[in-house]
Amino acid sequence: MPENKIRSTTILCVRKNGKVAIGGDGQVSMGNTVMKNTAKKIRRLYDGKILSGFAGSAADAFTLFELFEKKVQEFGGSLSRSAVELAREWRTDRMLRRLEALLIVADKEESFLISGTGDVISPDEGVIAIGSGGNYALAAARALYDHTNLSPKEIVESSMKIAADICIYTNNHITLEEIL
């Protein structure tokens, strides 16, 4: 029987020298079939002041984007408060608990990974990644972050290309956003 698990995405966020960039690939796969090459998994929220990206089920992620955007409005753009409140609601609501997605959110000051288990993680370094190719992108980005003078945007571009070369669920159709 073919595997119908939906696999997709590499999302990478890099913060360095007062700038932040987030990038995501465009591939969506179901089992061993590529269903779409140009999916947009990166969004700007709160008048472009917050960047976000998702890994996991697209329908679930869009539900979470909506909820997160409401939290951001409710808490006047406070990224940390919005992230904590979304994670709390996600973890405690019976319907939301079934959503299968991870979010990375970032503004000019902070970056967070938010999960349905209630995790709100801020990276020690300026790099965070999720998705099937996340570990490849993370490793590449950390090396470039520590050993080059590349900008966050350049680190994301290079690292995403490396992840796409390694991970079969990640492609080279990269969407990239940055806050300077």
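Positions of Cβ are set from backbone N, Cα and C atoms, glycine also.
Some features that Swiss-Prot has for this protein:
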ACT_SITE  Thr9  active site
BINDING   Ala164, Cys167, Thr170  Na(+) binding site
* Structure fact -> Going by C-beta under 8 A and a gap of 6 or more residues, the same-chain neighbours of Cys167 (Na(+) binding site) are Thr10, Ser132, Gly133, Tyr136
* Residues near Ala164 (Na(+) binding site) in space but at least six apart in sequence (CB under 8 A) -> Thr10, Asp25, Gly133, Thr170, Asn171, Asn172, Ile174
* Asked: Does DSSP put Ala164 (Na(+) binding site) in a helix, in a strand, or in coil?
  -> helix
* **Additional residues surrounding Na(+), by Cβ distance to the Ala164, Cys167, Thr170 centre under 8 Å** => Thr10, Asp25, Gln27, Ser132, Gly133, Tyr136, Ala137, Met160, Ala163, Asp165, Ile166, Ile168, Tyr169, Asn171, Asn172
* **Cβ neighbours of Thr9 (active site) where a neighbour is any other Cβ within 10 Å** => 30
